[in-house]
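Trainee: One structure is given below, represented as structure tokens, and several questions about it will come after.
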Amino acid sequence: MTKIDDCTLVLFGASGNLSRIKLIPGLFRLDSLGRLPEKIKILSVGRSDVKESAWRDDIKSMLDIKFKKNYDAKVFDRFIARNFYHANPPDDENAFKRLSERLSDASTFPQNLAFFLSVRPSDFASIVDLLAGVGLTDESKAWRRVVIEKPFGTNLETAQALQKSITKHLKETQIYRIDHYLGKSALQNILLTRFANHIFDPLWTHEHIDHIQITNNETLGVGERTKFYDATGALRDMIQSHLMQMLALTTMEIPVTLSPEHIRAEKIKVLESITPIPLDELRKHTFKAQYGRGKVNGEEVKGYLEELENPASVVETYAALKFYINTPRWKGVPIFVRTAKRLHASDTAIAIKFKKSPLSLPDQADNWLVISIQPKEFTRFEIQTKIPGLDTKVRTVAMDAPNRITGDESVDAYESLLLNLMQGDQSLYLHINEVEASWRLLDPVIKAWNEDKSPVFTYPAGSADPAESKIIFDKPEQFWRQSIEIGENKL
Ligand SMILES: NC(=O)c1ccc[n+]([C@@H]2O[C@H](COP(=O)([O-])OP(=O)(O)OC[C@H]3O[C@@H](n4cnc5c(N)ncnc54)[C@H](OP(=O)(O)O)[C@@H]3O)[C@@H](O)[C@H]2O)c1
């Protein structure tokens with residue numbers, strides 16, 4: 001276990017949704033596992049004037065909800081004693097000065113400080129300015145780290161502007177940009193499965209791989225988030241960071257070591273090697289659609305435009321892109337990335353289709369390697385074997401590796417991220433070059449999609465992929481896998 005320096009975690013936006021559901025319960029879990037530094041303190045900062053005792057009661061209610069009141073009383077007492085509240089009213093000019101004075105009490109607050117900005121993205125830059133203005137980002141006596149929640153910009157320009165603003169005060173080693181997918185054990189497993197098993201390396205090339213599909217599909221619709229979603233779209237919401245990270249982990253070269261620097265260097269290299277999507281051939285490389293009215297799990301549900309109450313929106317709830325990576329390993333291998341709401345199934349997975357064997361047998365199916373991220377976690381090779389009997393016939397069977405077995409620890413992504421933050425390990429956080437590379441690829445597509453006001457394809461809620469999405473595939477025999485399961489992978 002890496003030793004962690006005593007530190008103070010300063011939580012901006014602690015009363016918000018993310019903090020209530022993930023951050024405070026995550027810190028509590030880490031405390032119950034004995035993974036927090038002994039003298040850690042958690043200072044929650046908010047605009048409202050809340051008494052410390054009321055804040056501690058509020059924390060208790062968050063834990064009661066999350067753990068159904070089922071937690072150890074001793075751990076609770078220890079955890080609650082670590083927690084403090086600081087009111088930062090927006091109209092108080094001296095708010096940050098008072099915050100700095102409070103934190104300077106080293107007898108209560110360890111002087112290594114991690115600021116977690118769980119606030120509106122429009123507040124990231126100004127909070128960093130204000131922290132720096134009162135000396136709280138200065139590392140001359142102790143470390144100072146700042147977590148920037150997602151999204152880091154809404155396009156390349158705003159990402160670069162945010163970067164320019166925060167790097168007036170912070171070095172790259174102080175900046176922790178979140179993509180919480182990287183905190184998922186199943187995502188970390190992609191790297192370990194690939195590189196801890198040499199057998200995969202020789203197969204992982206254009207000589208053997210026909211194409212790769214990277215998928216995040218949901219049966220859920222946009223729900224209450226209609227306004228946010230319509231300003232964002234599926235491409236920005238899911239592909240720009242989460243799916244591009246899955247793509248990078250699947251296609252990067254082996255890092256020199258598993259150190260954070262080496263892993264991030266290889267991810268950056270592969271993201272920067274992706275060929276930009278040709279805008280004059282947008283329709284061969286990208287596809288977007290919206291869900292209409294339909295049935296999900298037997299229940300009638302509304303279409304996107306009905307939920308939004310704006311029939312003019314052309315914002316996508318289904319986004320699919322085709323990329324090529326310009327390296328010798330990936331020469332000519334298309335990588336299809338898709339995300340959708342209100343599809344017939346929910347799954348997040350990487351599916352790799354291998355080239356056909358030169359032998360052609362009746363009913364011979366393709367070889368796939370499926371790395372399922374959620375809801376199931378497994379790695380599964382689909383191979384052809386003989387059906388016992390008098391005829392020479394084959395069928396698909398699975399070489400199945402569950403990535404999670406009974407008794408395994410279940411760790412929330414934010415627990416890993418919080419621990420790594422305190423350890424000073426940036427491997428699960430985004431480097432600015434990854435963020436920029438991803439925006440550089442997607443910005444032109446987002447812009448072209450926004451400008452294109454022609455009618456958007458629709459698919460009934462609860463259906464399979466729109467047949468029209470076939471346009472982005474290179475060969476007639478290529479199309480989306482319909483399921484991570486073998487028997488269900490048919491249209
Ligand atoms: N929730 C999630 O699951 C999730 C997932 C991914 C990313 N994120 C990101 O995490 C961050 C926090 O998300 P959240 O869902 O927790 O946000 P939230 O509940 O809307 O707000 C977080 C905090 O921001 C402060 N705040 C809210 N409205 C404000 C306003 N008008 N002016 C100034 N401060 C305001 C409030 O703190 P005080 O009033 O106490 O100051 C609030 O507790 C965001 O950057 C979001 O993009 C969240």
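Cβ coordinates come from backbone N, Cα and C, glycine included.
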Trainee: Given TrEMBL annotates H180, K184, D237, K341 as substrate-binding, which of E207, E218, E224, E253 belongs to that site as well?
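Mentor: Candidate listed by TrEMBL for the same site: E218.
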Trainee: Quick one: which of R29, R35, R47 does TrEMBL put in the NADP(+) site with G13, A14, S15, G16, N17, L18, S19, R20, K150?
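Mentor: The one candidate that TrEMBL places in that NADP(+) site: R47.
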Trainee: Measure from each Cβ of the recorded positions K184, E218, D237, H242 to the atoms of ligand 1 and list the residues where some distance is under 6 Å.
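Mentor: Among the recorded positions listed, not one has its Cβ under 6 Å from ligand 1.
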Trainee: Given E218 (substrate binding site) and H242 (active site, proton acceptor), what distance in Å do their CA atoms have, once rounded to a whole number?
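Mentor: That comes out at 14 Å between the alpha carbons.
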Trainee: Of the recorded positions H180, K184, H242, K341, which sits closest to S15 (NADP(+) binding site) by Cα distance?
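Mentor: Nearest by Cα distance to S15 (NADP(+) binding site): H180.
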Trainee: Given G13 (NADP(+) binding site) and D237 (substrate binding site), what distance in Å do their CA atoms have, once rounded to a whole number?
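Mentor: About 21 Å separate the Cα atoms of these two residues.
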Trainee: Can you tell me the three-state DSSP label for H242 (active site, proton acceptor)?
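Mentor: In three-state terms, H242 (active site, proton acceptor) counts as helix.
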